[in-house]
Amino acid sequence: MPGLPEVAPGDDLAKLIAAVEPGLVDGDVLLVTSKIVSKAEGRIVRADDREAAIDAETVRVVARRGALRIVENRQGLVMAAAGVDASNTPSGTVLLLPEDPDASARAIRDGLRDTLGVDVGVVVTDTFGRPWRTGLTDVAIGAAGVRVLDDLRGGTDAYGNPLSATVVATADELAAAGDLVKGKAAGLPVAVVRGLPHVIAGDDEAGARAMVRGGRDDMFRLGTSEAVREAVTQRRTVRAFTDEPVDPGAVRRAVAAAVTAPAPHHTTPWRFVLLESAESRTRLLDAMRDAWIADLRGDRKTEESIAKRVRRGDVLRNAPYLVVPCMVMDGSHSYGDARRDAAEREMFVVATGAGVQNFLVALAGERLGSAWVSSTMFCRDVVRRALGLPESWEPMGAVAVGHAAEEPRDRPARDAGAFIEVR
């Protein structure tokens, strides 16, 4: 659509479009670049405020590489620099995305209906990069009067095969098609698609916000480096689980991660006993409970106090899956004096702890909750008898594993300075 003037803050885009006599008819779809929408809405800031503007528009950082930030903005869009852009704007300024692109699209649609009496769809477009693909394309960030998604699930293809996952991003396809004629530097910020009346919808149709995938469904929520860092802090102690079964394959993958931990003398001091049957879990927990009660009675605790303490073990009893990590000291050195022999054992204990931590972190990566409980360390002989383990295996607690009954709360970051001494 040639002939549009330079857009300034306060301009009515519908009137500007109508003024160039575009010959619009019912069923047309207007593809409007977000740049002119931002200009009309006064979303212009000084270029030296760019970083502050990105900060203000950012909800979370998805990935960072040097000065480049891929972020999620307040509309849920994941894009470079929160869409703050220095192109197609006067030198010394940058443009922010429209505050509410769907509302912007509705305003243009309503304005054209009032001015020209036509029923058209409007898609506000912006340029996005894409994971796994080189190059840019336009996508829909706002829409009105357009079926933004075409859900084909439940139908069949030409061969009669069921369609179970096909949801076509119609608004994005329209945006990309429009970019072929608008270009990035041709001074043509609006294009018209004609001949697709089936994509036109009523005023109550969802806008482009419906195309934003929610966090719980996002398999690629973080960049690679960010995901690796966050995986460590995702681990939580989970004490309540659902009845959903635990995938044994996920636990075995976590064990594979666990045994990459550092260990002394090129040894492998970890063993993980997987209690996958209810019978084995009950046998162990009953034996440990009896040993605990005997210890508490030896401490002259009251029966009421004993019952209260024993209930703390319910986190293990209520878990659908248990793992008993054990330390083995095969390959350890004997020095013949207490000081060095104690240090040798401590090395193996530290290595076992590193393996257990790897295991817990990997479980979190598998979306499994866990709780490490120390109890098996207080009755190792009992545990070995109940599980038929060799005398050389030293139980180092137990890990309850399952699907968390509720989403763990965010944990505030700790100030590392409180734990650091520099010399």
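Using N, Cα and C of the backbone, Cβ positions are placed for all residues, glycine too.
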Record-annotated GTP site (Swiss-Prot): member among ASN88, ASN161 besides LEU4, PRO5, GLU6, VAL7, SER34, LYS39: ASN88
Nearest recorded site to ARG411 (FMN binding site) by CA-CA distance, among binding-site residues LEU4, SER34, ASN88: SER34
Chain-internal residues, separated by at least six, CB under 8 A from SER34 (GTP binding site): GLY83, LEU97, PRO98, PRO101, VAL124, THR125, ASP126, ILE141, GLY142
Pairwise Cα distance for LEU4 (GTP binding site)/THR127 (divalent metal cation 2 binding site) [Å, integer]: 20
